[in-house]
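Novice: Quick paste from TrEMBL:
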ACT_SITE  S61  active site
ACT_SITE  K105  active site
DOMAIN    35-117  domain 'Peptidase S26'
DOMAIN    128-170  domain 'Peptidase S26'
Amino acid sequence: MAVGSRAVAWLAGAARRIGSVPWRNISAEAVDRTLLVVKAACFAHVINSYVVSLALVRGPSMLPTMNLTGDIIAVDRVTARWGTVAVGDVVLLRSPENPRKTVTKRVLGLEGDAVTYIVDPHKGDASKTLVVPKGYVWVQGDNIYDSRDSRQFGPVPYGLIQGRAFYRVWPPEGFGFIGQKVTSL
């Protein structure tokens, strides 16, 4: 048998084998699996954006509640949407100073509340009192000596609140619920 006739025979056999593959079944299954992955991704997006998500929180402003090197926390996004944030809640909010940044602070006053705060704790204990306007909240970091908060940028519009931190996932030694705490001023 010549080399050319063997090649033709091989090609004919390959064509028969390829022709016997159930391409319709394979393509239907591929489409089904792709749709399943797309549905799962959409479901995960909705849960992450509107129900609960994880966030990395780091920095000195929430010491000792949050670690300086970073905590991973679970964020309840429903509370902020329903308007049920309470005084003492730790919230994630879009920074009024830099909209690209998300900050974590504790709510110390809701609309209509009179809030007394220390103006500059580095220079003494001079305090001021103000009433939080309608549609705003007063937020402060737990570490008043190293926090940029409502003392610098004033009351924060309620619409900037993205969610309420309710559970510390990481590090393991801090694993558990993040409780409400109202700091005395």
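Don't overthink the numbers, they just go from 1 along the chain as shown.
From the backbone N, Cα and C atoms, a Cβ is placed for every residue, glycine too.
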Novice: Determine, to the nearest whole angstrom, how far the Cα atom of S61 (active site) is from the Cα atom of K105 (active site).
Specialist: 8
Novice: Within 10 Å of the Cβ of S61 (active site), how many other Cβ atoms can be counted across all chains shown?
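Specialist: For S61 (active site), the count of other Cβ atoms within 10 Å is 23.
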Novice: Per DSSP, what is the residue tally for the domain 'Peptidase S26' (35-117) in helix, strand and coil?
Specialist: 24 helix, 29 strand, 30 coil
Novice: As a test of the contact definition, list every same-chain residue at least 6 positions from K105 (active site) whose Cβ is closer than 8 Å to its Cβ.
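Specialist: Correct list: S61, M62, V90, V91, L93, V139, Q140, G141, S147, D149, S150.
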